[in-house]
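Pulled from Swiss-Prot:
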{"type": "ACT_SITE", "residues": "His40", "note": "active site, proton donor"}
{"type": "BINDING", "residues": "33-40, 150-153, Ala179, 187-190", "note": "ATP binding site"}
{"type": "BINDING", "residues": "Gln64", "note": "beta-alanine binding site"}
{"type": "BINDING", "residues": "Gln64, Gln156", "note": "(R)-pantoate binding site"}
Amino acid sequence: MTSPIIVRTVAEMREHVRAWKAAGQRVAVVPTMGALHEGHLSLVRLAQQHAERVIATVFVNPKQFAPHEDFDAYPRGEAADAEKLALVGCDLLFAPNATEMYAPGFSTLVSVSGVSEPLEGAARPQFFGGVATVVAKLFIQSQADVAVFGEKDYQQLQVVRRMARDLDIPVEIIGAPTARAEDGLALSSRNAYLSAEERAAAVALPTAMKAAAAAVAQGGPIEDAERSAVAALQAAGFGQVDYVEIREASDLSRLGPGPIGEASGRILVAAWLGKTRLIDNMAVG
């Protein structure tokens, strides 16, 4: 088992990337905020299928958190993250601090309109500006040929795809299927916040999504499936439901009212269980 090279500056990372590319090797990047779990490791393994060298980045990005959100409480543990990356043979861990990413006087924000505006964009207005900015920087800094993101953050994946296309960033973006626990709950760093009772109740989230997706696939009205999913979550003990919506899969435009027809849809959900906000999504139709 070989530990990944750990670097903290863009200059150090680029030295390694230059050497790899001079040797004719492709480079993949897997951006994360740390607190790595099997879902993240599955992204690294997928990246290894598309490139000879893989960089995992760990940076809890302050620009995507609003003042009232969980930036300070977000789980961190670089040593544990490095050990997990060693198990899957990741080549390099880029772990910058905030000053390395945002030097004094930093004044630029990457704004992606359209696909970023509904759902998470409406619930967390600051979020996607921070995401698009840091991901654009990571693409430029790493000069990666390939980037791998999980479909668990589906809207984020679509925002990043739009941003890279619009800015002509020459990186192939690959979406990886959501990694799930045996009971169907999507793996997430925030699952660590759940009590044992909440963790047992959380399975209602994928269950409600599956039921809604099945109802729509059988020709049921989209709006009825959405309402039924909200009711199922509330009955299971979820408090505030930020959204349950079935949207067009690529641009997240609204579908309905009525049946889905020939459209390719995606159900996207965000809801609170105690003090923990869980998100998930699933293909529909």
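Every residue number used here counts from 1 along the chain in the order it is shown.
Just so it is clear, glycine is given a Cβ too, placed from its N, Cα and C backbone atoms.
Here Ala179 (ATP binding site) is compared against the recorded positions His40, Gln64, Gln156, and the shortest C-alpha distance is to His40. Checked against Gln156 ((R)-pantoate binding site), the recorded positions Met33, Leu36, Gly39, His40, Gln64 differ in C-alpha distance, with Gln64 being the nearest. Cβ-based neighbour count (10 Å, all protein chains) for Gln64 (beta-alanine binding site) stands at 21.
In this structure, the CA atom of Met33 (ATP binding site) is 10 Å away from the CA atom of His40 (active site, proton donor). In the structure shown, the C-beta of Gln156 has more C-beta neighbours within 10 angstroms than that of any other entry among the binding-site residues Gln156, Ser189. Note: the CA-CA distance between Gln64 (beta-alanine binding site) and Leu36 (ATP binding site) rounds to 19 Å. For the pair His40 (active site, proton donor) and Glu151 (ATP binding site), the C-alpha distance works out to 11 angstrom.
Look at Leu36 (ATP binding site): DSSP puts it in coil.
With a 10 A radius on its CB, Ala179 (ATP binding site) counts 18 other CB atoms from all the protein chains. Residues within less than 8 Å, Cβ to Cβ, of Glu151 (ATP binding site) and separated from it by at least 6 positions along the same chain comprise Leu157, Gly175, Ala176, Pro177, Thr178, Asn281.
For the binding-site residues Met33, Leu36, the greatest number of Cβ atoms within 10 Å around a candidate Cβ is found at Leu36.
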